[in-house]
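Structure first, then comments.
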Amino acid sequence: AGKFYQHAPTETSQATLASVSPVFAVMKFDKEGNTTYFEKKKTELYQELGLQARDLRFQHVMSISTRNNRIIMRMEFLKAVITPEFLLILDYRNLSLEHWLLNELASQLAGEGQLVTYSLPFEFRAIEAILQYWISKLQGRLNTLQPQILETLEALVDPKLLSVDRSKLHILLQNGKSLSELETDVKVFKETILEILDEEEVIEELCLSKWTDPQVFEESTSGIDHAEEMELLLENYYRQAEDLLNEARELRVLIDDSESIIFINLDSHRNVMMRLNLQLTMGTFSVSLFGLIGVAFGMNLESSLEEDPRIFWLVTGIMFLGSGLMWRRLLSFLGRHLEPPLPPHVPAVLKKSQPAAGRVEIKTSLKGETFGLSRGTLTNQ
C-alpha cells in the first residue's frame, strides 16, 4: 500500500503532462510534392521520428543540425524536419509562410522549380528550398528599406534647407533600427552556415540518402561525392549572405556619411547667422558711437552753434558718414580674419645643387586622387 501511494502522484503527473503537451500543426511534403496536413502532439511526433523531446524544442534561433538520420532546421519562425522521404513543416500558421508553402515549396520539391539540386536526393532539394526562401526574405527586407533610406537621406542632405525636418529624422531613425536588425539576422544566417562548413563530419551527416539508399551510396563511391555537392550548396548561400551583408554595410556607411553632411550644413547655416549677428552688432556700435554727437547737442546747454541754421545738417551728415565709415572699416576687418588663408604655393620644379656627378633628371608622376594633382617633374642637379 505504501508503494502504491508513492507512485500514484507520479502517474497522475505524467498523465497531466501528456494531456497538456503541445500540439503541432504539421504540413508534410513527399518527394512528388504531395501535401498533407495533420495535427499531432509533441510526444507522439518525436517518438515517430526517433528524436528526443529537446530536438523539437524550437526557439526563435537559427540552426541546422542532424540527429538519427534526420535534419532539424530552425530559421526563427520556420521550423522543419527533413528525412530522406519527406519534409515536415511545424507550426506553419503564418500568412507569408502559408503563401510560400502552398505556391512554391511543393513544386520545388517535385523538381518543377528552378532549384539547382533537382537531380540530387530529396534532402538537397529540401535544404536548398528552405535556404532560398530565407535568403530571398532577407533580400526583400533590404529592397524595402533601401529606397526609403535613400529618399529620406536625399531630403535631409539638401544644402538649401536651413533646418532639419524632425519627421524625416524620425523615419531615418526607424529605418536605421530596421537595418541593424537586418544586419544581425544576416550575420546569424552566415555564421550558422559557416559553422557547418567548418565541420566535414556535419556535412557528411547532412547527406541522408548516402547512408540509407544503396544506389546513392554506390554513386558516391563511384565518383559522385554528395558531400562536395552539399558543401557547394552551402557555400553558394554563404556567398549570397556575404553579398547581402556588404550591401547593408554600404547602406549603413551612407547613413553615417549623410549624417556628417547634415551636421556640416547645419554648422554652415549657424555660422552664417552668427556672422550676420556680428555685422548687425558692429553697425549698432557704429551708430551708437557717432550718436554721442546728437546726445551732446541734445543737452539743455546753450552754445553759439544752435543759432546757425546750417549746423543741424552738418552734424547729421557727420553722424551718418562717420557711422558708415566705421561700420565699413569693421566689416573689412572681420572679412580679413574670417576668410581662410590661401594654401602655400608649391613649385612644380625643385632645383637642388649636388656634388659634381653630372646632371640627373628624375620624373615623378604624382597621382592626386583626391585633389586632382597633375603630373610634375622633379629635376635634381
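We count from 1, first residue shown onward.
Note that Cβ sites are derived from N, Cα and C of the backbone, with glycine treated the same way.
Any TrEMBL annotation is an automated prediction that lacks curation.
Within its own chain, the coiled coil (227-261) is flanked in space by residues 116-117, 120, 124, 127-128, 131-132, 135, 138-139, 142, 145-146, 149-150, 153, 156-157, 172, 176, 179, 182-183, 186-187, 189-190, 193-194, 196-197, 200, 203-204, 206-207, 210, 220, which lie at least six positions past its ends and keep a Cβ under 8 Å from the stretch. Positions annotated as coiled coil by TrEMBL: 227-261.
The transmembrane segment annotation in TrEMBL covers 280-299 (among others).
Per TrEMBL, transmembrane segment is recorded for 311-327 (among others).
Counting only same-chain residues 6+ beyond the ends of the transmembrane segment (311-327), those with a CB under 8 A from a CB of the stretch are 282-283, 285-287, 289-291, 293-294, 297, 305.
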